Amino acid sequence: MNYMEIDLDRIDSLGTEPSKEPERQYYFMAKCRDWVKEKEAETGRPLTFITQTFGCQMNAKDSEKLAGILEKIGFKETDTEEADFVIYNTCTVRENANTRVYGRLGYLNSLKKKNPNMMIALCGCMMQEDAVVDKIRKSYRFVDIIFGTHNIFKLAELMYNRLTSKGMIIDIWKDTDQIVEDLPSERKYQFKAGVNIMYGCNNFCSYCIVPYVRGRERSRNPEDIINEIKDLVADGVVEIMLLGQNVNSYGKTLSTTMSFADLLKEIEKIEGLKRIRFMTSHPKDLSDSLIEVMKNSKKICNHLHLPVQSGSSKVLKIMNRKYSKEDYLSLVERIKTAMPGISLTTDIIVGFPGETEEDFLETLDVVKKVRYDSAYTFLYSKRTGTPAANMDNQVEEAVAKERFDRLLKVIQEISSELTKTHEGEVQEILVEEVNEQNNSLLTGRLSNNMLVHFNGTPDMIGSLIKVKLTECKGFYFIGERI
Ligand code: 5AD
Ligand code: SF4
């Protein structure tokens, strides 16, 4: 589904290449489309593509942009890696994300041996690491294209370069201040969409590789964001997720003085838009004016993801999070006072270098005080190049694992207690999809992000309907239409 209509037929693919973006990319899309048509005639079948996304919602959004470009070029999306164009959009936030990619590359090679037209592209955060690119260049020579996080808009140009040269194409930018607008995007869902409001991160939490692979923070212009959302709404979208590594610092790189709270107020005015979500919020930048805007909004969902990472002020300091346990708890208090019943979720890292049993107990204490609706818990993973990787008091794996299990138990207990409190309520859900396990059930999402399964028909997908939450099943509900 493209909301941006670009007419490649009006582009002279044999003329000289434009230097300005996005026109330059439209030109290469037209050139690649000529090639796809040729191959289709040769093979007597459509050419297919698949984008495999690893990692976060940012990557999921980037994959939609990549899919948009490939569709424009003439490839048809498929759900198998036996495709003519396979892209892995990689993540490197934890080591196991990298391991998974290497594990699957061998399989891709076996597929490529059977299909001489097949192209394999690797992009995303992992590719921003020199050591990864070196390894692929040496040991995975069958890969056709490698690019990073800053130049995904260049996919058509890189593909064309690959078609007209012999070797692997590698194009990694160390950083960028460029934001290329007006490129196609292929949405996964008709009725909901992610919208980037900013890119990169300037926080340098000492464990985190994101600032190194996603570059410096830069915000999109408010007009571009608003126009994109208006176009999406005109195309059937009712729920948007505003995306940024640290949405609370939105606007700091702009010449206008627009804060995240101001941006939300503008977005709220868009007619036809029903629900607004955003992630991720950094506690240090969450302003009282944002709390006020959330409290008064009819569209912002009743949910806030507020990563705490650790409950120990000592650990938080070494993590470079710039808040203490007390700061975090007092922020939560202000949020809960303004919005009683708001659903809070978080991210927690266990086993950060130097974390003692006492530090860990502080984390458990925060979890018990805040009472999160759910939490993503991670074992600390050493990322080369980050300050924490060189700290000498790394926690033993068995110790970290034992703490992790204890933490998970407490989180799950609280989470199921909180979920249970909603049993019997009537609430609105956005119907998202047919249930994978049971076709007679549909799945919808409450404003607080919890899932509800209920009896319904596929034509309800994309609509907001009222359901009674009849039965709590731990972390989700069985509901009934009313
Ligand atoms: N090890 C473990 N978890 C990490 N995260 C980021 N870096 C690391 C790391 N090195 C987690 C944080 C962040 C989430 C997206 O991933 O909790 O909020
Ligand atoms: Fe990583 Fe911290 Fe930036 Fe989040 S705020 S992306 S954890 S450096």
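Using N, Cα and C of the backbone, Cβ positions are placed for all residues, glycine too.
If you check TrEMBL, you get these features:
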{"type": "BINDING", "residues": "CYS56, CYS91, CYS125", "note": "[4Fe-4S] cluster 1 binding site"}
{"type": "BINDING", "residues": "CYS201, CYS205, CYS208", "note": "[4Fe-4S] cluster 2 binding site"}
{"type": "DOMAIN", "residues": "47-164", "note": "domain 'MTTase N-terminal'"}
{"type": "DOMAIN", "residues": "187-417", "note": "domain 'Radical SAM core'"}
{"type": "DOMAIN", "residues": "420-482", "note": "domain 'TRAM'"}
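All features noted in TrEMBL, drawn onto the structure.
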residue	record	DSSP (3 states)
CYS56	[4Fe-4S] cluster 1 binding site	coil
CYS91	[4Fe-4S] cluster 1 binding site	coil
CYS125	[4Fe-4S] cluster 1 binding site	helix
CYS201	[4Fe-4S] cluster 2 binding site	coil
CYS208	[4Fe-4S] cluster 2 binding site	coil
Position of peak Cβ density within 10 Å, selected from the binding-site residues CYS56, CYS91, CYS125, CYS201, CYS205:
CYS125
Other than CYS201, CYS205, CYS208, which residues of the same chain sit close to [4Fe-4S] cluster 2? List them in sequence order, counting a residue when its Cβ is within 8 Å of the Cβ centroid of the site.
ASN203, PHE204, TYR207, ILE209, VAL210, PRO211, GLN245
To the nearest Å, how far is the Cα of CYS208 ([4Fe-4S] cluster 2 binding site) from the Cα of CYS91 ([4Fe-4S] cluster 1 binding site)?
12
Residue pair CYS56 ([4Fe-4S] cluster 1 binding site), CYS201 ([4Fe-4S] cluster 2 binding site) - Cα distance, angstrom, rounded:
14
Per-residue pLDDT averaged over the domain 'MTTase N-terminal' (47-164), given as an integer:
96
Beyond the listed site residues CYS56, CYS91, CYS125, identify every same-chain residue whose Cβ lies within 8 Å of the center of their Cβ atoms for the [4Fe-4S] cluster 1 site.
PHE54, GLY55, MET58, ASN59, THR90, THR92, VAL93, ALA97, GLY124, MET126, VAL210, VAL213
Which of these binding-site residues (CYS91, CYS125, CYS201, CYS205) have a C-beta closer than 6 Å to some atom of ligand 1?
none
Would you mind sorting out which binding-site residues among CYS56, CYS91, CYS125, CYS201 put a C-beta under 6 angstroms from ligand 2?
CYS201
Structural state census, the domain 'MTTase N-terminal' (47-164) (DSSP three-state):
63 helix, 23 strand, 32 coil
Quick check for the class: what is the C-alpha distance, in angstrom and rounded, between CYS201 ([4Fe-4S] cluster 2 binding site) and CYS125 ([4Fe-4S] cluster 1 binding site)?
13
Distance between CYS205 ([4Fe-4S] cluster 2 binding site) and CYS125 ([4Fe-4S] cluster 1 binding site) at the Cα atoms, whole Å?
17
Relative to the Cβ position of CYS208 ([4Fe-4S] cluster 2 binding site), how many further Cβ atoms are located within 10 Å?
21
Helix, strand, coil residue numbers for the domain 'TRAM' (420-482) per DSSP?
4 helix, 35 strand, 24 coil
